[in-house]
Amino acid sequence: MQTEPMIEVRSPRPARVALGLNTPVAEWIACVLVPVLCGLYSLWLGADADWDLANYHIYNPFALLNGRFNQDFGAAGMQTYFNPLLDVPIYWIHMHLPSRLGGFLLGVFHGLTFVMVLALAKRTVPALPERDRIRVPLLLAIAGTLSASNVTGIGNSMGDITTALFIYAGLLVMLARWDRLSARGAGAVLTLIASGVLVGAGAGLKLTTAVSAVAACAALLVYPASLLTRIRLCFVFGIGVLLGFAATGGYWMLFMWQTFRNPVFPQFSTIFPNPLGAPITVGDARWGTKGVLEALLWPFIFSAHPVRISDLIIYQIIWPLAYIVFWVGVVVEIAARLRRRTLTQIDSRAWFVLLYVVIGYIVWMKAFSIYRYLVAVEVLLPIAVFVMLVRMLPYPSARRVALWILGASTLMNIGTGLTRSWGHEAWDDPLYRAEVPAIAQPAKTTVVLYVEQSAWAWLAPLFPSEVAFTQIENAYFVGTPAYAERVRNLVASRGGQAYAIIDGAKQWRARSLDARNDMLRSVGLLQSASGCAFVQRALNTLHLHERVEPVSSGGDQCKLVPLDEDKVTAADANRMFAEQAVAPYARSGFTLDPATCKPYQSWIGKGLIVYQWCPLTMR
């Protein structure tokens, strides 16, 4: 479908606008530079150390590649049974490449988001004035890449950006041959199938990406053709989605069905009941709207209170602003129809992307309402906002308003998204290390994990391969009596000793004090009486829970120590963690004696994580 080009808008300062971004050279430089910058940003962040990585992004690919699903049972809780294929490449990179190189490559890969979104923007708004032909798609791609959900995912292993890239690729295949999709030939069918396969492959790797698959399929209903043709396009695209889904997720769903009679175990156990899984629909029901009013105001609510959609506090303003623009656009559209006034014509590809964003948001809100699952929709939101403004306003005004809305949103994302992290540690090689206790009979030994604060399944690859791992229920995973019995049967069938791994004292305050002592020493405040007195006065003025203690070793005259009432030794903290674990193990049929627990150290990068190793007895 061809549309008339937008009216050319001339500027008295064409050479100075946007720093010469409207050139093919600028486009090519950006396509190389942005992924490299994302790689460098990943390096700067450090090694990914988020909770999900410690729980299952290392364990699951390890279990898949080493045939552990018969030896272990539920070592990563419910997440044990998520499709592990998505994590295999990252696991291989971190296990076989220098850690910094692996982190850089992962960041570069995530930076391909910019390249994909730029290509989508160029095809979504093709009829731009010549002076904006490259510049506007370039800026829209930058705004999308810097969206908060995307920025906070760069360099981590959660997989949301990775699967989103499949979505962008699928949409790009479709939009590249958009005008020919309605043709009755093999070319149109193959295009739709290929597009659907890419989108479906992303959904097969991570089920939450199905939001985008549903949105893309439904958005095809705006294709400029007869109703029957549009339905045919949706149907053929849907076949492609199913093929792609089967290619990346079918093997795993079959394995889950054969093992648990539930293709998505343990989720949707209300539909596919199994005594090993609690009757739930999705794994985490903390999120989402409560009532119709919240649903109508959801963008304002989760933007003001991001804890409603994420454990990581990320502030952004693009969603409430886009929501306002959308409803203003609806009113303008209705008014124009009533007055029989013609609005600016926009390409049908723009309508498709706009509807994709709208439907994707609605499906996400009802199905998950977890912020990072929205990334494949949010990254295209700047394009949707620009399209809506161009539809409503004369082009110069639309361009100006878009600059203010997207500019302000992007600046806020830079200020908040770039300073938020799901957890990173300084780089080190090898990336994953641990002190492993001496085990007399590994082939008969079972490790029973309990997750309170830290997750522990990531330790499994560091132990002797014969040791079995399992996990008891906890705050993150609701077990059943049959599940607890299965854990006990695993221990009994191996005929040897069972051990618990539980939280150990992190001693973060001691490490923080060491860092501050190093800083004060570097500026010469710990090496003299006057310097020590100055530090004590500063502590008193700031009412910090620390004091200066005299020392006479290493050239220092004093050091920072906590106040006496704040001192908690590592031994005290470890005993507290062990005592807290007694009841959960008892509910699963095990006895844990806190006096028998011993602390050991482990590291992700240079990040120290202390765990305790405790003998268990069957009750």
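Every residue number used here counts from 1 along the chain in the order it is shown.
The backbone N, Cα and C atoms fix where each Cβ goes, and this holds for glycine too.
TrEMBL labels come from automatic prediction, so no person has curated them.
Note that the structure is predicted; figures quoted are calculated from it, not measured.
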Given ranges 133-155, 478-500, 524-546, 593-615, the stretch to which TrEMBL attaches the annotation transmembrane segment: 133-155
Result, the transmembrane segment (348-364) in contact with the transmembrane segment (235-257) (3+ CB pairs under 8 Å): no
Distant-in-sequence neighbours of the transmembrane segment (370-390), which means Cβ under 8 A and at least six residues beyond its ends: 6, 113, 117, 120-121, 124-125, 136, 140, 143-145, 147-150, 152-153, 158, 160-161, 163-164, 167-168, 202, 208-209, 211-212, 215, 284, 287, 302, 306, 309-310, 312, 314, 318-319, 321-322, 325-326, 329, 344, 346, 350-351, 353-354, 356-358, 360-361, 364, 397-398, 401-402, 405-406, 409
Residues from the same chain, set at least six apart from the ends of the transmembrane segment (348-364), whose C-beta lies under 8 A from its own: 1, 120, 123-126, 171, 175, 178, 211-212, 214-216, 218-224, 326, 373-374, 376-377, 380-381, 383-384, 387-388, 390
Chain residues in Cβ proximity to the transmembrane segment (185-204) (below 8 Å; excluding those fewer than six residues from its ends, i.e. six or more beyond): 83, 163-167, 169-171, 173-174, 177, 210, 212-213, 216-217, 233, 236-250, 376
